[in-house]
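**Q** Positions annotated as transmembrane segment by TrEMBL: 12-29, 41-59, 65-87, 99-119, 131-150, 171-190, 202-220, 232-263, 269-292.
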Amino acid sequence: RQFPGCGNIVTFSQFLFIAVEGFIFEANFGRKKPAIPIRYYFIMVAMFFTVSVVNNYALNLNIAMPLHMIFRSGSLIASMALGVIILKKRYSVSKYTSIALVSLGIFTCTFMSAKQVASDSSLTEEDGLQVFLWWLLGIAALTFALLMSARMGIFQEMLYKQFGKHSKEALFYNHALPLPGFLLLAPNIYHHALLFSQSEPFQVPVIGLTMPIMWFYLLMNVITQYVCIRGVFILTTECTSLTVTLVVTLRKFVSLIFSILYFRNPFTAWHWLGTAFVFVGTLMYTEVWNSLGPFLARWRKRPKEE
């Protein structure tokens, strides 16, 4: 919120922390041979790095965080479309209906956000057009990242089928191999490091250490991101990709609600309607209702306690 363009330093810090942790505890200081050939990790990493950087850069293109979250919730659409094209999968009518709902929800939120950008009264007509064109470029960037992320998921699923599931190893190589790529972003990362160092001092609770508040925020972000991504990689080995997508999408929904309420982001009734379409469509796609039916039936049949 204070530095909207700081996505690169945030991503670099996350990658560096996870790579160092994995090098020590998973790769055993480089002595452990990977179970999946390293060349496949290079392909996966190229996709992963591209998705991370493009998603971060979209925030520089007048994309608000709630729209960013909603748009990325369309991963089911992208996964389904690429599954049909690449893996020749076929789906039921209910699946296509759910995808239509998710698409409608994303379109509604995107359209309403476009109106907000276009109607900003503080801008001249020429400036407003320029802002709007940058916003369109941001939408294009998010769309590209969404499709690339879905392709990466399919590639990862195919690797796990061929070589077995190695979540900790994949987590390490996905974060260690891209580190040299951040050299291309070094000026931007260094610039924001200086800005972070100039932020107001903050005394860390309990330990009493004083540090610039932006570095504290970054530290908290890195720790929570590690917990999150470690959980997601473990989930990919224990559940189907469908279940993983559902869990991640619902986590985005919680993040979205928190972002709206805590940061007071602009959110109209149309945005809420679009959000509802996205998450109802997601639940339809995963056929949660079919799973809940037998559970609720058993719950109703339980003998009542005297």
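The backbone N, Cα and C atoms fix where each Cβ goes, and this holds for glycine too.
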**Q** Give the one range among 41-59, 171-190, 202-220 whose Cβ atoms make the most pairs under 8 Å with those of the transmembrane segment (12-29).
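**A** Per the Cβ count, the answer is 171-190.
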**Q** Taking a Cβ cut-off under 8 Å, which residues six or more beyond the ends of the transmembrane segment (171-190) line up next to it in the same chain?
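**A** Residues packing against the transmembrane segment (171-190) from afar: 5, 8-9, 12, 14-16, 18-19, 22-23, 26-27, 34, 38, 41-42, 44-45, 48-49, 52-53, 229-230, 233.
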